[in-house]
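TrEMBL annotations:
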| type | residues | note |
| --- | --- | --- |
| TRANSMEM | 44-65 | transmembrane segment |
| TRANSMEM | 85-101 | transmembrane segment |
| TRANSMEM | 140-157 | transmembrane segment |
| TRANSMEM | 183-204 | transmembrane segment |
| TRANSMEM | 234-257 | transmembrane segment |
| TRANSMEM | 277-299 | transmembrane segment |
| TRANSMEM | 368-387 | transmembrane segment |
Amino acid sequence: MSSHQPTGGKSTSPLPLENFSLVLGGPLYQLWSRAHLGNVSSHLRLRIVTLSALCWLPLLLLSAWEGTLLEGVTVPFLLDIESQARFLICVPLLVFAELIVHQRIRGIIAQFLERQLVPDASLPRFNQAIGSAMAWRNSVAVELALLLFVFSSGYFIRTNTFVLDASTWYVTQSDGQDHLSFAGIWFFWISIPITQFLVLRWLYRILIWSRLLWQLSCLPLALIPTHPDRNAGLGFLGASAYAYSPLLTAFGAQLAGYVANRILHDGAVLTAYKPEIALLVVVGLLLVLAPLTVFAGQIMRTKRQGMREYGALAAEYTRDFERRWLRSQDRDGEALLGAADIQSLADLGNAYAVVKEIRPLPFSRDTFMQLILATLIPFVPLLFTLFPFEVMLDRVIGIIF
């Protein structure tokens, strides 16, 4: 029974929402479109193959030409698990996530209007927020700044850090000096910057999403305290978290590859990286779920208002109910069994219980668990470095049976 009710009939979708997408915009998207690869669904596979091949295939060919594909150095190319994970798992997932986010986020924003949560008086501000998000998405300056950053950071990585303290397919050590191979030049100046750009662009998209949700949370939404989702009608927002699951899996694959390299080439153990893995999980959860918390204040105000209003209604109704059925001597011959008053009392009790059970955050424990699982899936193969396969199989069978 929120005080902010729509003033008219069901609102129609405004023009900005018809073209809303966190993905379909920006200079890179325009390049894809000119290359006839801009369709987020039908051209998805080709874009994945194109980017992965651009990052990985030259490294394969150059390392084969230099004799470091499978031998010749301490860490040959095909045994550099981190690079395989980065370019064959992480990059495809970063591109694949565009399809999921495009489809789900647009539908989630549309539900604000489909559920009539935006009063007619607030529609101009709603449209303005959508338009602002699209303007941020299309920013040429931001993408150019990201490109400048990743290519300049590539120089920093090349001159200051090398991932493994050994001779590798991308760098060899002689006379105390590090020397880039031809594959290493492509690795640091092309492959790494492309991956970094994809990651940073996704972080920027999450920033746009967070800002949009914050702007919508500032609107006087027509929330419904008795909505069965226990979020005053905003429970649909929790579905946005699942759209970002491929991103978390991509981040997990990157760290899992890093850890796998240490286990394979440096003799490290998986348990030594528990802090890094835990930090990745926490950061991933914050990236995906923190934007949804901006509605907590409005949800709880709706709950308090609903508790007052339904509490007053329940007091009035139960007082009349007791007066009629418990205190009155004359029921006009009406039988208690099957009386409409009994059903109405039960319905009122159910409505009050729904209001009382409203949660401030539009996501559940299941959301937490699925996001954590999405992040940790890439680490499953590394468990075999702790226990032989037969031991793990026996334990799983023992747990199941």
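Placement of Cβ uses the backbone N, Cα and C atoms for every residue, glycine included.
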Completion exercise
With the cut-off at Cβ under 8 Å and a gap of six or more residues from its ends, the chain residues touching the transmembrane segment (140-157) are 26-28, 188-189, 192-194, 196-197, 200-201, 204
Handout entry: Contact set, same chain, for the transmembrane segment (85-101): CB under 8 Å, 6 or more residues outside the stretch
Key = 22-23, 40-41, 44, 47-48, 51-52, 55-56, 59, 191, 194-195, 198-199, 202, 205, 243-247, 249-251, 253-254, 256-257, 260, 378
Problem - Maximum Cβ pairs under 8 Å to the transmembrane segment (234-257) - stretch from the list 44-65, 277-299, 368-387 - result: 368-387
Exercise for the section: Run the contact check on the transmembrane segment (277-299) against the transmembrane segment (44-65): 3 or more C-beta pairs under 8 Å, excluding pairs closer than 6 in sequence. Expected result: no
Fill in the blank from the handout: Spatial neighbours of the transmembrane segment (44-65) not adjacent in sequence (6+ beyond its ends, CB under 8 Å) are 32, 37, 76-77, 83, 86-88, 91-92, 95-96, 98-99, 169, 181-183, 186-187, 190-191, 194-195, 198
